[in-house]
């Protein structure tokens with residue numbers, strides 16, 4: 001099986017501007033009605049010209065989402081385990097050059113946070129660390145998973161890229177999901193934004209989801225951090241990455257996240273603007289391209305916008321989030337970025353019921 | 001733009017593949033092949049029957065055609081491999097249609113044995129075209145095994161029941177990066193046209209032409225249908241529009 | 001001696017060569033493919049080809065097929 005790195009290589013010198021100039025209203029209308037979109041159909045829907053068809057795309061995306069997922073939104077919450085980091089990513093609050101209190105949860109603190117979270121009813125958790133194989137090695141993550149297993153039925157990891165056998169180790173400890181953002185798929189931009197540390201290895205990160213799939217992970221979630229690169233091409237790459245994974249690993253549940261960059265310690269200004277309308281267009285285009293693909297919307301987005309996105313293809317949302325290590329029991333600590341939707345799990349559930357949707361706290365548990 | 005059709009690296013100028021079984025007389029075959037415009041023609045390998053001396057079918061197939069022996073009669077991968085090797089040794093070239101059938105009631109192919117035979121023959125340098133029941137996972141395994149095309153059935157062999165497996169074949173066309181050739185069951189030119197409109201790379205027809213009252217005329221009808229279907233596919237037919245339904249706008253809140 | 005012809009037992013004179021055997025059976029070697037113990041035998045080598053006890057002979061040909 002060809003690596004996604006090689007798939008992406010086909011678009012190395014692709015002229016997106018020129019492609020967008022050549023789109024036509026007829027082809028966009030035809031694509032919106034198609035039952036199976038090609039890669040380039042998807043790119044058509046990401047074009048500036050497609051913006052005038054957003055409502056048509058939205059109606060279809062809404063129906064497709066209900067058809068494949070029902071009127072439900074899966075809820076999860078992130079739990080930051082450690083913020084030690086050896087990388088110098090210019091946009092990240094946890095990067096090595098930033099002065100902040102570095103901390104790593106003890107196993108007792110992990111259990112304490114888990115108790116606070118599980119009191120809200122959530123059964124799905126996403127655990128995160130910075131990249132430090134010394135402070136938060138795989139063995140530490142595994143020990144945390146062993147604690148969390150007692151509280152949660154689904155544990156996903158969003159940690160530095162691992163080797164296949166390390167993924168296998170975490171999976172056997174109880175991890176069933178992987179979130180791995182490539183941050184920016186454009187390789188030159190990637191090099192400019194990741195100044196130091198192991199994260200400079202673009203390909204090792206890009207191929208991490210493949211390694212996790214080979215190791216037997218159940219779900220993978222990929223995405224680009226929107227604002228770091230030109231959003232239309234970055235969304236295109238995210239979509240074809242998801243499609244590649246779904247083809248190569250038909251047994252894995254594949255989803256994307258469209259995280260827009262948020263203010264953080266360090267004050268980085270993103271180079272590319274991504275408006276609400278842009279965000280909606282990429283969600284709709286992806287829904288039409290991969291009707292069964294998941295779309296995860298985090299608390300990076302404002303409450304009023306998230307309420308609208310429920311009917312625009314979203315399938316999973318975070319709730320009651322906190323991006324600081326130990327932040328649920330200690331409010332002093334600085335987070336990775338500022339969240340926009342501060343609502344509690346109960347408030348989120350109320351909003352969903354109000355729209356005729358059911359919040360799902362527990363979707364899955366290994367028997 | 002030229003519409004190129006390639007199998008195993010070779011450019012093929014006709015999307016109608018033709019079978020040579022069931023003709024009332026082999027003498028019809030040259031005219032049928034010529035009228036159909038076919039370039040790939042299937043034949044079978046049999047033990048000789050001492051009771052009567054049949055003619056050698058290959059003599060009736062125009063010399064510019066690719067002879068594609070099938071492995072009919074094989075009940076498992078080992079037998080299919082043996083037949084393919086014999087056919088090649090007998091001067092038939094590298095092309096082979098794998099056909100493994102263990103079910104005599106419906107004549108449905110054994111996908112599992114077909115994958116095994118494909119893997120072995122592809123590794124021996126054959127251009128392998130496996131005949132199969134349309135199944136996405138099996139088709140993916142055939143791709144990995146080195147098949148040159150995938151040939152799903154439209155309905156059981158010789159049944160003339162048409163494109164009954166349409167939805168499954170559509171999935172193969174969408175998902176498999178090899179030519180999809182609809183083989184078996186196409187009884188009428190309109191069904192061949194339908195397969196081609198959907199995006200099938202080609203069709204293989206035998207019974208419908210061989211058993212028509214006028215096989216030559218039917219060969220011409222299939223040729224035209226295949227060409228028409230292909231043209232329609234390339235022309236990009238308009239999608240069936242969903243019925244408009246009153247619903248509240250979902251994107252009205254966007255202002256920027 | 002005993003040989004297997006197209007999957008069936010046959011008893012023939014020991015030491016018979018293939019060309020004689022094919023003739024005896026009434027086949028024209030130009031029209032058939034002769035497979036001897038899973039190997040194709042070329043028409044040119046039929047004359048000197050001595051058959052042995054328990055050998056397997058398959059006589060095959062191409063026919064119409066889909």
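Just so it is clear, glycine is given a Cβ too, placed from its N, Cα and C backbone atoms.
Just so you know, TrEMBL annotations never went through curation; they're auto-generated.
Going by TrEMBL, these are the annotated features:
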| type | residues | note |
| --- | --- | --- |
| DOMAIN | B:6-249 | domain 'Thiazole synthase ThiG' |
| ACT_SITE | B:97 | active site, schiff-base intermediate with DXP |
| BINDING | B:158, B:184, B:185, B:206, B:207 | 1-deoxy-D-xylulose 5-phosphate binding site |
Just to verify a number: CA distance, residue B:158 (1-deoxy-D-xylulose 5-phosphate binding site) to the residue listed as 'active site, schiff-base intermediate with DXP', in angstrom, no decimals. 16
Averaged over the whole of the domain 'Thiazole synthase ThiG' (B:6-249), what is the pLDDT? 91
Of B:97, B:185, B:206, B:207, the recorded positions near chain C (CB under 8 A) are B:206, B:207
Measuring CB to CB from the residue listed as 'active site, schiff-base intermediate with DXP', give everything in the same chain under 8 Å that is also at least six residues away in sequence. B:42, B:68, B:69, B:70, B:71, B:129, B:130, B:131, B:151, B:183
Mind checking which of B:158, B:185 has the fewest other CB atoms within 10 A of its CB? They're the binding-site residues. B:158
Cβ neighbours of residue B:207 (1-deoxy-D-xylulose 5-phosphate binding site) where a neighbour is any other Cβ within 10 Å: 19
Using DSSP reduced to three states, classify residue B:97 (active site, schiff-base intermediate with DXP) as helix, strand or coil. strand
Through the lens of DSSP with three states only, how would you label residue B:185 (1-deoxy-D-xylulose 5-phosphate binding site)? coil
The correct three-state DSSP answer for residue B:207 (1-deoxy-D-xylulose 5-phosphate binding site) is helix
May I ask which residues of the same chain, at least 6 positions away in sequence, place their Cβ under 8 angstroms from the Cβ of residue B:184 (1-deoxy-D-xylulose 5-phosphate binding site)? B:131, B:153, B:154, B:155, B:156, B:157, B:158, B:159, B:204
Looking only at Cβ atoms, how many others are within 10 Å of the one on residue B:206 (1-deoxy-D-xylulose 5-phosphate binding site)? 24
Residue B:158 (1-deoxy-D-xylulose 5-phosphate binding site) - helix vs strand vs coil (DSSP): coil
